[in-house]
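Notes follow the structure.
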Amino acid sequence: MTSGIKRVAINTGGGDAPGLNAVIYAATLAAGNRGWEVVGIRDGFNGMLFGDDYPDGGLIELTRNRVRGIIHQGGTILGSTNRGNPIAYPVQQPDGSWIEVDRTDELLGRFAERGIDALITVGGDGSLTIGNQLHNAGLPLVGVPKTIDNDLDRTASTFGFDSAVGFASECIDRLFSTATSHSRIIVVEVMGRYAGWIALHAGMASGVHAILIPEIPYRLEPVAELIRERAQRGSTYSIVCVAEGAKPVGGEHTVAAKAVGQAERLGGIGHKVATELEAMTGRESRAVVLGHLLRGGSPTSLDRLLGLRFGAAAVRALDEGHRGVMVALNPPTVDYVPLAEATSRQKTVPPDCDAIQTARDMGIRFGDESLADG
């Protein structure tokens with residue numbers, strides 16, 4: 001089969017995640033071994049739309065030498081952005097207001113001008129939704145799932161998740177010693193948006209006492225009850241792991257900020273929970289927000305391997321004639337699934353899953369227990 005591809009582009013969009021450079025590395029080598037030229041687009045699609053703003057014209061020639069040694073590096077050598085949606089690009093007006101402009105035709109024209117035959121777009125649900133829309137508009141592309149949140153549907157896992165969970169767990173482990181020393185409640189807020197995968201896995205791995213996730217709206221009284229019971233038994237400290245998207249029964253998500261052209265930014269729930277638990281238990285409480293620490297740093301070996309597999313699979317998909325698909329982990333293989341299906345819904349934690357049941361068997365509370373529960 002002849003794919004007809006001579007020049008392929010790679011871009012990375014949305015929040016960074018450990019393992020992005022592994023994707024770029026494998027895709028560059030796999031494409032180069034097929035005789036294709038490879039270029040990287042700077043900062044999502046911005047390097048293509050605003051090439052004059054970059055000393056290198058917005059594109060980076062990716063060769064074996066250029067990507068040497070990047071597998072272990074965090075972040076992305078191409079740069080990224082969550083403000084560059086070409087289909088609804090935010091443009092400020094003279095009066096200070098904002099409008100969203102569709103720059104799809106302009107973008108497709110730039111791809112043609114630069115002789116790019118296909119795109120490998122690496123991103124989360126937002127970036128891959130854009131990718132699906134661009135595919136429908138005629139741009140040949142394959143998507144690669146990327147998110148520390150692990151909330152993309154149709155793939156068993158995404159690279160970045162293992163690194164985020166591992167570092168969150170390490171931080172929580174460290175907080176146990178300071179919580180014990182000062183007899184405090186420490187509430188640890190972690191990323192995850194509307195899915196509780198990071199909080200659940202990191203919390204369980206570190207043996208916290210309560211986990212609050214978006215999928216299980218909480219009441220704090222069962223958590224406060226557990227803290228009081230622990231104090232009566234002589235355990236004067238407690239650790240609570242809270243997903244940034246957790247919300248109380250009948251309440252809303254805690255939003256830190258919302259800007260034009262961006263998804264709402266969650267954050268602040270950790271401080272709310274700490275303040276309320278201190279009032280309910282009389283015990284000194286502190287909130288620790290891990291935030292972007294979970295995105296940074298070197299990827300774990302698992303995330304490196306998954307990134308490498310995804311990058312090579314994306315090139316194979318293009319070579320085999322697939323378009324408008326996302327590479328996806330379906331253990332033990334990497335498959336292709338339609339982008340439209342992969343972006344149609346988020347993958348959230350099933351409240352009755354084995355991991356939740358395991359945590360409950362360990363005595364971890366989720367804030368939905370009746371006060372008669374032990």
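Cβ coordinates are placed from backbone N, Cα and C, and glycine is handled just like the others.
For the ATP site, TrEMBL lists R83, G84, G124, D125, G126, S127; matching the candidates G15, G192, G196, G203 against that entry yields G15. Rounded to a whole number, the distance between the Cα atoms of G15 (ATP binding site) and L293 (substrate binding site) is 12 Å.
Sequence-distant contacts of R193 (substrate binding site), defined by Cβ-Cβ distance under 8 angstroms and a gap of at least six in the same chain, are D149, D151, E244, G245, L266. In sequence order, G13, G14, G15, P145, K146, T147, D149, D151, L152, T158 make up the list of same-chain residues 6 or more apart from G124 (ATP binding site) whose Cβ falls under 8 Å from its Cβ. R286 (substrate binding site) carries a strand DSSP state (E or B).
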